[in-house]
Structures are given as C-alpha cells and as structure tokens.
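For reference, Swiss-Prot has these:
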- GLU181: active site, proton acceptor (ACT_SITE)
- ASP45, SER46, ASP84, LYS112: 3-methyl-2-oxobutanoate binding site (BINDING)
- ASP45, ASP84, GLU114: Mg(2+) binding site (BINDING)
Amino acid sequence: MESITISQLKNWKRNKKKFAAITAYDFSFSRLFSNCGIPVILIGDSLGMTIQGHTSTLPVKIEDIAYHTKAVRKGAPNTFLISDLPFMSYYDTKQALKNTAKIIRSGANMIKMEGGKWLIEIVRELSNRLILICGHIGLIPQSFHYLGGYKVQGRKENDANKLIDEALLLEEAGINMLILECIPEKLAKKITESLSIPVIGIGSGKNTDGQILVMHDLLGITEGKTPSFTKNFLLESDSIQKAIQKYIYEVEHSIYPSKKHSF
C-alpha cells in the first residue's frame with residue numbers, strides 16, 4: 001500500500017469514497033491491518049481499557065500513547081496514523097505543543113483532541129505550526145463523568161445545534177479531520193455535509209466519510225457488553241484477515257453501519 005496522506009483522504013471525501021479506520025496498539029495487528037488495506041489507524045486512549053485493563057481512558061499517559069505509536073508505525077509504515085492526546089495532556093497551549101511533539105516524533109501523522117469551543121485557541125496555535133489535527137465531538141470519553149456516562153449526544157435540538165456550531169468553529173480554527181461519536185445519524189449527516197474536511201463516525205450512522213471501530217469490538221474480543229453500534233465481523237469470517245476485509249467492504253459500500261447500529 002502506498003503512503004496515505006491527508007490530501008488523499010480529502011480527495012476521497014470530495015469523490016464520495018468512503019473509508020474504514022480501526023484502532024491498533026502494536027506491531028503485529030497494525031501490520032495485519034495495513035496488509036488488509038486499512039488506510040487509517042488510530043492509536044487511541046482506548047488502550048487504557050483494552051490493553052491496560054482500566055475501567056476508563058482517564059489513567060492513560062502521554063508516554064503510553066508514544067510507546068504504542070512507535071510500535072504501530074513499525075507495523076504500518078505507510079498507513080495514516082492518528083494518535084490521541086490523553087486526558088489532561090492538552091489543558092493549555094504550552095502543554096499541547098509539548099505533548100504533540102512527543103507524539104509526532106513517535107510516528108503519528110496527526111494528533112487527536114476531544115472537545116469543543118474551549119479547544120479553539122489550542123487548535124489554532126497547533127494549526128499555525130502546520131500540525132495535523134483531528135477533532136472529536138459528541139460523546140467524548142475523557143469527559144464521561146461530566147456527560148453522566150456513555151450516552152448518545154445531540155438528541156435535543158439545542159444540543160444538536162451546539163455540536164454543529166462546534167464542528168464549524170473547529171474547522172475554521174484549523175482541524176483537518178473530525179470524529180463524531182454517538183450522535184444521531186441525521187445530525188452526523190448534516191455535520192459531514194457542512195464541512196470540507198473528512199469526517200469519521202463511530203456510532204453516528206452511515207453518512208460520514210469514514211467509519212472507525214475499536215479493534216477488540218470488531219473482532220469480538222471485548223470483555224463484557226459491547227456498544228450497540230459495534231459489530232463482530234469475525235463471527236461471519238474464518239480468519240482475522242477476512243473479518244477486516246469484510247469490514248472494509250461493508251464500510252465502502254455503506255452496508256455497515258446499518259440502522260440497528262445507528263441512533
């Protein structure tokens with residue numbers, strides 16, 4: 001696979017070519033995903049739960065993300081890598097710049113930050129330094145205490161309008177990509193069509209430019225109950241490779257997510 005760039009991902013949006021993304025945390029799985037044709041991998045702070053065994057993403061440190069980013073980059077040299085800035089690692093511009101440098105040096109193409117209007121000045125400062133940024137709005141796991149748990153966001157009209165405003169403000173400030181998590185399908189469609197940057201959905205319906213799943217959910221190895229928007233692709237496949245290829249096919253052809261995976 002040739003190296004994937006942000007320009008290519010933006011072209012896919014313009015040409016209405018959907019793409020599949022996935023989380024990964026190590027060399028072996030990232031190499032497998034890359035060989036299957038996954039163009040975008042997220043080194044997410046979800047590793048706090050899937051790898052470290054915590055009950056949330058909050059204990060994850062910047063050193064954890066840097067370590068796993070290095071491993072994933074070795075396995076997927078040409079894949080577009082997005083790495084999370086974990087909880088309280090970007091509470092001001094100085095801290096955000098310092099920790100972004102660590103992550104980019106570890107091999108990421110882009111950093112991801114959760115939040116809305118309060119992030120604007122930080123986004124603008126990073127963008128002015130030509131750093132690629134992925135925003136993340138809707139259900140933002142680093143703020144699950146404030147949100148009252150892991151709940152769908154944007155159901156009420158005023159909440160939906162707030163998310164639309166935040167998406168537009170973040171794009172204006174300089175984000176290059178946006179993740180929408182657990183918002184109604186119609187709202188995700190409106191936001192996606194309002195932005196010129198690629199929009200990736202998780203639990204937000206099929207009308208975004210791309211989809212992302214946590215690898216453990218996709219492969220059916222998550223401990224306990226999984227979110228209703230996930231799908232175990234390994235159930236219908238006889239190998240991990242075929243499960244990933246099926247996931248890619250269903251995303252590219254708007255089969256997944258279906259209505260039962262959406263809100």
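Even glycines carry a Cβ here, placed using N, Cα and C.
Mapped onto this structure are the features recorded in Swiss-Prot.
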residue : record                               : Cβ contacts under 8 Å, 6 or more apart
ASP45   : 3-methyl-2-oxobutanoate binding site : THR57, VAL60, ILE65, ASP84, PRO86, PHE87, PRO141, GLN142
SER46   : 3-methyl-2-oxobutanoate binding site : THR23, THR57, PRO141, VAL214
LYS112  : 3-methyl-2-oxobutanoate binding site : LEU42, GLY44, ILE82, SER83, ASP84, LEU85, ILE133, CYS134, GLY135, HIS136, ILE179
GLU114  : Mg(2+) binding site                  : HIS136, ILE137, ILE140, PRO141, GLN142, SER143
GLU181  : active site, proton acceptor         : HIS136, ILE137, GLY138, LEU139, ILE140, PRO141, GLN153, GLY201, ILE202, GLY203, SER204
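Spread of the 3-methyl-2-oxobutanoate binding residues is 13 Å (greatest Cα-Cα distance among ASP45, SER46, ASP84, LYS112). Following the DSSP three-state reduction, the secondary structure of SER46 (3-methyl-2-oxobutanoate binding site) is coil.
Other residues of the same chain near the Mg(2+) site, with their Cβ within 8 Å of the Cβ centroid of ASP45, ASP84, GLU114, are GLY44, SER46, THR57, VAL60, LEU85, PRO86, PHE87, LYS112, MET113, HIS136, PRO141, GLN142. Neighbour density for ASP84 (3-methyl-2-oxobutanoate binding site): within 10 A of its CB lie 31 other CB atoms from the protein chains shown.
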